[in-house]
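Have a look at the structure below before the remarks.
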């Protein structure tokens, strides 16, 4: 049965949901359309029982943008889509993070969601539509997913909020926020802003949530009309007496451990000992009590001998102990207050050859961040369904396994690394100077050397410091902080600068970055239902206070960007040439510009409007390139010296020398040298470069439209002294 529903979102936007027409062999499928952008989402979940020792939910979300959706061919030699782009990976993460917490606890069936953009009007970004389509597919399926989720994008122009703004409108908007949530609560938030206030952020979330409720209501209607009966799902239930036995051997030790302010590695080792000892003790107890005969007659008692179930409940105890310590005693694992920031240390300029560098350490999280400056040629070309563009500021984040004391694969960039780098990049790019003020391409690389929570926000701080150390005239320093939440019923605590364990065992990971004037980027993931706006407001205010504290420490390390670029950074010089002279500078097949860059040891970039950017580590090379280019685009002038190229050599006449592109002159045999009898072929070869001076210009008597140019080499050298003069000397 085909189900179709149109939802009036206001502002002339109508969202269309359809299911039952495409991909009917999947467990669930749906098509969501906005104007002429359409996405197809499918979901399939395995029905086989997961392995007995599995304790995680293997959810895979894939997002693909088909070039055919926009009537385009893929770029490059191979004309078909290949590995996912960064944009596709970021969109998949956006959908995954909103959906994952809404699956029931203990559901461990391998599940795959594939979102495909099948039509793009190049006005609407399909990422949030993919989230809606995925939720619709789940609601129509038999998979135990009961609470619909919707995602929306919110922008703002001239103070007015926009729902699902066009890509072109986002260029004028002072915010680009993606919000994911159910009808009752917000579960995901991500976006970039132009230094907005906390109150403005709350206003945007509330505006988006009103639209989310409408879309969720339509999904419930879809479920009632065409939804399949849900699978029977029974999570593992541990008997009360088994829970008591586990608590008896584990709870006291875990509580004692929680109140000790230990380093990450030491805490992990001691916690692992508790798990091993407690699990072994419980297994010994029940193996002695439950014989094979008893187990054969009572197969339900197998749970008592299930080591995975035992460890899962020990984990629940560990989680409860930490949360209760925070809620009851306002005490954290490392002994800090709820709003206290870990100690921060900063070192600048420690990498000699980098154009800017910073080592930012906050507690047990450390980022080594470097800045590299380049020319427009170094910009990243992004090939998407929308217009291709050059990206002149980029931040790359690396998370090697040694940063958490592990051995791991060193291969391609992970989705997590792409996501964290993108968040840090969005946080800083709002303060990056415009191209006309600072015509460099900037690449910031954050290598995480240690990690115990909030490494992406350390990358924001380190990236800002490296940029300032490198002399990038940013508008204002940016700092980032990760906030956490512990909530039990009506009791809750908001945590500043969370540890890895507080993220893992807590209910929220809310990263907020910004300047002294406002927020520039945020990312929030919620693991619980029922998060009200009072908690979000408290988290944002506490994050603001933490951000001010971090910015103060950063200001003590470096107050403003350095006035000069680093020793090894390229110096950029910009000049303007006539558009019709661009060909003269480039030369046939690029030979002129290649020769220029080689001779002056520079990089030269020419824009379509005639803007020439010259990059050189030395001012001498840059000046030489400027002089050469100005000469190339100027008209021939008597008295000027040119670095000409010999085009023809004739012993009876002299040589024909090209002094400017398409301009040749005669170097007469009499102007070669002060020495008589010199043969041109003895000192000149075709293709040779030689300095000549233009000594005369005259109209060609045979063709007045042409000009004859007379050149000289000998006037550039001193004539030899006479014999009498030599003797007197």
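Heads up, residue numbers simply count up from 1 along the chain you see.
Backbone N, Cα and C atoms are what each Cβ position is placed from, and that goes for glycine too.
Taken from Swiss-Prot as is:
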BINDING   503, 509  Mg(2+) binding site
DOMAIN    570-633  domain 'KH'
DOMAIN    639-714  domain 'S1 motif'
DSSP three-state assignment (helix, strand or coil) for residue 509 (Mg(2+) binding site): strand
Determine, from DSSP, whether residue 503 (Mg(2+) binding site) sits in helix, strand or coil. helix
Can you count the other CB atoms that lie within 10 A of the CB of residue 509 (Mg(2+) binding site)? 21
Per DSSP, what is the residue tally for the domain 'KH' (570-633) in helix, strand and coil? 36 helix, 16 strand, 12 coil
